[in-house]
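Please read the structure below before turning to the comments.
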């Protein structure tokens, strides 16, 4: 930490400007008001596409960084308003159309539902039997499990949340208008990163986690302890009254009574005095370090979760006091960056990170790229933890929800990471000034780009041929009837020794890394089977040859995705083929007429191609997860303790050939969606067909050129002219880039919705 004389800190001054810029619907109601050319109105049908392309591209509206910053800031509030409206809808469905109370009363037999289809002409077939006499559509979002963890015990509370979320949405819309049209922050406020870090770390994350800890301790902990006791058939007694049903549980405000809490957790009786006297051990009954899962609910211990949030709060509150603002103490991000000079032996860089502070505070695309890469990676980490360390009660035995949440968080992560590459490339084109980056780390990476990309390309070729080659070998050997010559657990073994070592390390280290923990961090690492309601909630995940092989397919597809995206960023400004690429912008179809072979070189085209490989990568990841869990983890527990897995452990022997994946996974597990007609999952059958159609529709845009359509349009316009019904707005074919955008959008939408239907129809029936 650097301590400097007080004059180094900036003095407090107003960072908000009062603006007289009234919000008028007259202006908003005019399409294209943000762009001179678009504001003139449509002459051709291209106008509507340009309207969509540029509406949120604030850089194209103005070059004033302060104005762009204010628009982004205001849009954030609009986004938050949409999120609150969406949340309100979820709460409202829970309050009005769900079996939440029925599920709380018997979570191992009742399935969660928050939607009832009204009969028009037979649609009520979609309402399946959810148990306890409720007919509806099964939901797989995990919301019931989350609500139980919050301590919600009835539908009235959900209705209050629904109303509260709408109020919050109104406040957010108001804030968005206020901070753009009435009192708008100055550019220096947006660029004051130390203040932002302090407030976001200490305030948002630190105090946010601390207040959430308070809720967990004073509401969630007592409520869920009483519910767990009811579910275990051993109800607890409060004030001499047996809490035999959810309706008997005191409401949250009643837990303000400390004596009530102390009956459940004696540590609450110690009061606040124990905190200030340093007698923190008094709180050890509700701030625990148990590890493992609660055997009643198959989820992490609520007291562990509360302890975790308290620790996070302390860390972030400390972190939020580290950066230098009005007082001359603390870190300066600019000084930290400019102090980085590389490794003197391996990578000496005298200019190090010089210029990066200015780049990151004047290019919001560069800032966004870093944030998207981090958030996308975090989403993928969340996907892994939701099954390995399930945080919410009974979620681990709700297999449809487990597959749904894994798939959802993987795809969200993939889209965000591709977005990171997109905005990094935009930053390079619109915001990067080569004169300000001479021999710093960014410049050095750009100078080394040929070595980086050619080596990465070699890695992709190596991984692709070797991983796919193992499968081709196995398919061939199996076809020739030579199982002894196959790569498999029973013939030529390819054990994932590094993965097994990491699994063992985590299992063995539980006592040493967390000295007071009573159990390992996760049962998936050489733990034991946790069964809830006769179903497997968690179990060790054995890894073998089949996992080793598909892991290398993952490595291959991820590396190709990175190759495409990284090439797009590193060659965004220029290349040997097109030295003046930066002048052509982020998206362009080709380098003008007369230069053949220069199509699909724009940074936008790399994002376009990267999206296909991202989809490719993650399809294999979610297929691997879905099949592996059904084969080796999930299932029913027999009376003798043995486990009957959903697909009877067929992964190890079937997933080692291409034919096995096609026959024993895709084809076998599509049986439910293909045979869904006439049952309550028939909507997924229709979705499966419809989404295949959307996917096939995308190929029309991807496989045909613009000229074909322009020619067709001109003959159709001729016919309209003959009949004297010619349109005033001239029809035009989509541009090359627009066609590709429509194509990839439908490709992904069709593919994702097909997978959604395939997974749901199957696991809702067998899970």
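Glycine residues also receive a Cβ, built from the backbone N, Cα and C atoms like all the rest.
Feature annotation from Swiss-Prot assigns transmembrane segment to 72-95 (among others); the stated evidence is sequence analysis.
The transmembrane segment feature in Swiss-Prot is assigned to 158-181 (among others).
As annotated by Swiss-Prot, transmembrane segment applies to 197-221 (among others), with the evidence given as sequence analysis.
Marked as transmembrane segment by Swiss-Prot on the basis of sequence analysis: 305-323 (among others).
Residues or ranges marked as transmembrane segment in Swiss-Prot (evidence: sequence analysis): 364-387 (among others).
The feature transmembrane segment is assigned by Swiss-Prot to 403-429 (among others), with sequence analysis given as support. Within the chain, the transmembrane segment (403-429) has long-range Cβ neighbours (under 8 A, six or more residues past its boundaries) at 140-142, 359, 363, 365-366, 368-373, 375-380, 382-383, 386-387, 561, 565-566, 568-569, 572-573, 582, 585-586, 603-604, 606-607, 610-611, 614-615, 617-618, 621-622, 625-626, 629, 752, 755-756, 759-760, 763, 767.
Here Swiss-Prot flags 451-473 (among others) as transmembrane segment, drawing on sequence analysis.
Here the transmembrane segment (548-566) has long-range neighbours at 417-418, 421, 452-453, 456-457, 459-460, 463-464, 466-468, 470-471, 487, 494-496, 499, 606-607, 609-610, 613-614, 616-617, 620-621, 624, 655-656, meaning same-chain residues at least 6 beyond its ends whose C-beta is under 8 angstroms from one of its own. Marked as transmembrane segment by Swiss-Prot: 548-566 (among others).
Sequence annotations record features per position, and here Swiss-Prot assigns [4Fe-4S] cluster binding site to 590, 599 based on sequence analysis. Of all the Cβ atoms in the protein chains shown, 13 others lie within 10 Å of the Cβ of residue 599 ([4Fe-4S] cluster binding site).
Swiss-Prot lists 606-627 (among others) with the feature transmembrane segment, giving sequence analysis as the kind of evidence. Beyond its flanks by at least six residues, the transmembrane segment (606-627) meets 403, 406-407, 410-411, 414-415, 417-418, 421-422, 425, 550, 553-554, 557-558, 560-561, 564-565, 567-569, 600, 647, 651, 655, 661, 665-666, 669, 740-741, 744, 747-748, 751-752, 755, 759, 763 of its own chain at Cβ-Cβ distances under 8 Å.
The transmembrane segment annotation in Swiss-Prot covers 681-703 (among others).
Counting every protein chain shown, the number of other Cβ atoms lying within 10 Å of the Cβ of residue 692 (chlorophyll a' binding site) is 15. Residue 692 (chlorophyll a' binding site) falls within a helical segment according to DSSP. If you look up Swiss-Prot, you'll see 692 marked as chlorophyll a' binding site.
According to Swiss-Prot, the chlorophyll a binding site annotation covers 700, 708. Every protein chain shown contributes to the tally, and the Cβ of residue 708 (chlorophyll a binding site) ends up with 11 other Cβ atoms within 10 Å.
Neighbour density for residue 709 (phylloquinone binding site): within 10 A of its CB lie 16 other CB atoms from the protein chains shown. If you look up Swiss-Prot, you'll see 709 marked as phylloquinone binding site.
Swiss-Prot lists 741-761 (among others) with the feature transmembrane segment.
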Point to revise | Same-chain residues at least 6 beyond the ends of the transmembrane segment (451-473) whose Cβ lies under 8 Å from its Cβ atoms | key: 445, 486-487, 494, 549, 552-553, 555-556, 559-560, 562-563, 566-567, 570-571, 656-658
Check your understanding: Nearest to residue 700 (chlorophyll a binding site) in three-dimensional space, by Cα, is which of the binding-site residues 590, 599, 692, 709?
Key -> 709
**Study point:** Separation of alpha carbons, residue 709 (phylloquinone binding site) and residue 692 (chlorophyll a' binding site) (Å)
**Key:** 23
Practice item. Grab the same-chain neighbours of the transmembrane segment (72-95) for me: Cβ-Cβ under 8 Å, and only residues 6 or more beyond its ends, written as numbers and ranges. Key: 56, 58, 114-115, 141, 143-144, 147, 155-156, 158-159, 161-163, 165-166, 168-170, 172-173, 175-177, 179-180, 185, 190, 364
Exercise for review: Express the distance between the Cα positions of residue 709 (phylloquinone binding site) and residue 590 ([4Fe-4S] cluster binding site) as a whole number of Å.
Suggested key: 18
Study note, to complete from the structure: Tertiary contacts of the transmembrane segment (364-387), defined by C-beta under 8 angstroms and 6+ residue spacing from its ends, are 68-69, 72, 395-396, 402, 405-410, 412-417, 419-424, 426-427, 430-431, 524, 538, 629
Practice item. Could you tell me whether the transmembrane segment (197-221) and the transmembrane segment (305-323) are in contact, taking contact to mean 3+ Cβ pairs under 8 Å with a sequence separation of 6 or more? Key: yes
Exercise for review: Compute the C-alpha separation of residue 590 ([4Fe-4S] cluster binding site) from residue 708 (chlorophyll a binding site), stating it in Å without decimals.
Suggested key: 17
